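Visitor: Quick one: the structure is below, questions incoming.
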């Protein structure tokens, strides 16, 4: 019986484990290298204003237009969110017939019928185009996916900052005698018909309200920051500034004062912003009127401007060329870089079927300050499932980072294009008598160097040039071509006065450093202040003794899934033990007691002595 109990409990542990897996996933598992790259770039960018932290996004129109406007078309979204896609662009239509926001570009006739209860897809036409739409589809379908992803990644280690971007459009008609027939077709007449849609813009994101960084929160931050600045009468000297203060001081000169990623993501615990990036609603008496409630939740261009560029024209390339060539024989044009760094705006570049992104063009856009939005329908040709990543991930994963080179961060064993050691691995240290001794053949692939392709994990004992950054001007760098150090020997005193050993924390800072390399005509690799010496794959700045800020954490949902299998198995085992104790009969033991009782009775009957035996 005991062995039977053990076998049954073992079976339960496997079966329950399949019911309550440790990690429920509707998309592909993200490989370790990609996950480390995502987290480390995010960590490096923590002091940077949130509007200048780069991200990549996807336009949902590419799924809807190729697969129809239904919830099934959103099946790839969760997988894309796990693959470093942090933005979702949505075309949102104001239906002037029903006065509701909807995702389908065409109005639904009021006499609409469905073929089956499970299949509610109907063909609807508008402006000489026909669409396949589900009348039940609404923004709640999108927001529930985002909400689930946010809940599953709501830890300091996994949390990322996201963007929901709206393109507002109208299902518009001109009021005239000829349009009475249209109103008879499309205006709601049957009160029993459940017209799906949202009454206000604010309603479209209500499922995510607790996670949204709003214009109201921005105003509170700006008010507090201005009071602090105005009340501070002390003069900060360059030497007394730490890096965080230096970054704050530089970006406080921005056109709009925005909080840092650290403040919003890890202090206020907000996970996303909602923007109206374009407003193409028709002017009409039936048009939607933006309310104060909408303005309290959603960013419009008056709060934070958005600039949208398209790959089918050269306007997006102009800024990239200007920054890449912003130098001459004597110095780098720092003013050009500062103009971009201090301009608070959302810079988006959107591709299409005629001019889709290439690996080369994508890397260029990301490095010069654009946030790419994938909009070509070729990206929707394959389902994203467990073990089957998206086309975006397979072809462009390495190009979505302004920081890391392709295949990084990775050690030399797994690296494809790593820069190999070219110098003698020799460093000097002092013994107990103060005499210098040479120490050779040291290998520690724990430090990060800048190469022409981006950041690479390199041997800390290699002697390279090192990047010195101006404390008060984030895009100004110095590279001493005559001084090379291994990573452990670099000190701030090795940099010119007013500079310190540092690293780029944004795409524009990265591009300004790479432009300085070209201007000063020095060779890669170049050390930057980043390493994972103390904890593997936890990349930190601050020298070789900088500590990893993370502990092993799990979300509440994951914790429940972790303990659920053990809890269920334990309860079943306890129930079985209880049943055994209460209902099990042991006839062998019962017979044994009866036999010995009879034997003893017969013995005393035959040997019945009187008195005390002698």
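Easy rule for this one: first residue shown is 1, then count along the chain.
The backbone N, Cα and C atoms fix where each Cβ goes, and this holds for glycine too.
Annotations for this protein, taken from Swiss-Prot, read as follows:
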- 31: N-linked glycosylation site (CARBOHYD)
- 177: N-linked glycosylation site (CARBOHYD)
- 202: N-linked glycosylation site (CARBOHYD)
- 242: N-linked glycosylation site (CARBOHYD)
- 313: N-linked glycosylation site (CARBOHYD)
- 343: N-linked glycosylation site (CARBOHYD)
- 375: N-linked glycosylation site (CARBOHYD)
- 388: N-linked glycosylation site (CARBOHYD)
- 417: N-linked glycosylation site (CARBOHYD)
- 424: N-linked glycosylation site (CARBOHYD)
- 480: N-linked glycosylation site (CARBOHYD)
- 481: N-linked glycosylation site (CARBOHYD)
- 1-17: signal peptide (SIGNAL)
- 18-558: topological domain 'Extracellular' (TOPO_DOM)
- 580-614: topological domain 'Cytoplasmic' (TOPO_DOM)
- 559-579: transmembrane segment (TRANSMEM)
Visitor: By the DSSP assignment reduced to helix, strand and coil, which category contains residue 388 (N-linked glycosylation site)?
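Guide: Looking at the DSSP assignment, residue 388 (N-linked glycosylation site) belongs to a strand.
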Visitor: Measuring Cα to Cα, how many Å separate residue 481 (N-linked glycosylation site) from residue 242 (N-linked glycosylation site)?
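Guide: Residue 481 (N-linked glycosylation site) and residue 242 (N-linked glycosylation site) have their Cα atoms 26 Å apart.
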Visitor: At the Cα level, what's the spacing in Å between residue 202 (N-linked glycosylation site) and residue 313 (N-linked glycosylation site), rounded?
Guide: 34
Visitor: Rank aside, I only need the closest one: which of the glycosylation sites 31, 313, 343, 375 has its C-alpha nearest to that of residue 480 (N-linked glycosylation site)?
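Guide: Going through 31, 313, 343, 375 one by one, the closest to residue 480 (N-linked glycosylation site) is 343.
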Visitor: Within 10 Å of the Cβ of residue 313 (N-linked glycosylation site), how many other Cβ atoms can be counted across all chains shown?
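Guide: Residue 313 (N-linked glycosylation site): 10 neighbouring Cβ atoms within 10 Å.
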Visitor: I'd like the number of other C-beta atoms within 10 A of the C-beta of residue 343 (N-linked glycosylation site), please.
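Guide: I count 17 other Cβ atoms within 10 Å of it.
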Visitor: What are the sequence-distant neighbours of residue 375 (N-linked glycosylation site), meaning same chain, six or more residues apart, C-beta distance under 8 angstroms?
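Guide: Same-chain residues close to residue 375 (N-linked glycosylation site) (Cβ under 8 Å, separated by 6 or more) are 58, 59, 61, 62, 89, 350, 351, 352.
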Visitor: Using all protein chains shown, find which of the glycosylation sites 202, 242, 388, 480, 481 scores highest when you count other CB atoms within 10 A of its CB.
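Guide: Result of the Cβ crowding comparison: 202.
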Visitor: Cα distance, residue 343 (N-linked glycosylation site) to residue 242 (N-linked glycosylation site), nearest Å?
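Guide: Distance (Cα to Cα, whole Å): 24 Å.
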Visitor: What's the CA-CA gap between residue 343 (N-linked glycosylation site) and residue 31 (N-linked glycosylation site) in angstrom, rounded?
Guide: 35
Visitor: Could you state the CA-to-CA distance between residue 388 (N-linked glycosylation site) and residue 31 (N-linked glycosylation site) to the nearest Å?
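Guide: The Cα atom of residue 388 (N-linked glycosylation site) is 12 Å away from the Cα atom of residue 31 (N-linked glycosylation site).
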Visitor: Run through the Cβ atoms and count how many others sit within 10 Å of the one on residue 31 (N-linked glycosylation site).
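Guide: Step by step: centre on the Cβ of residue 31 (N-linked glycosylation site), count other Cβ atoms within 10 Å, giving 13.
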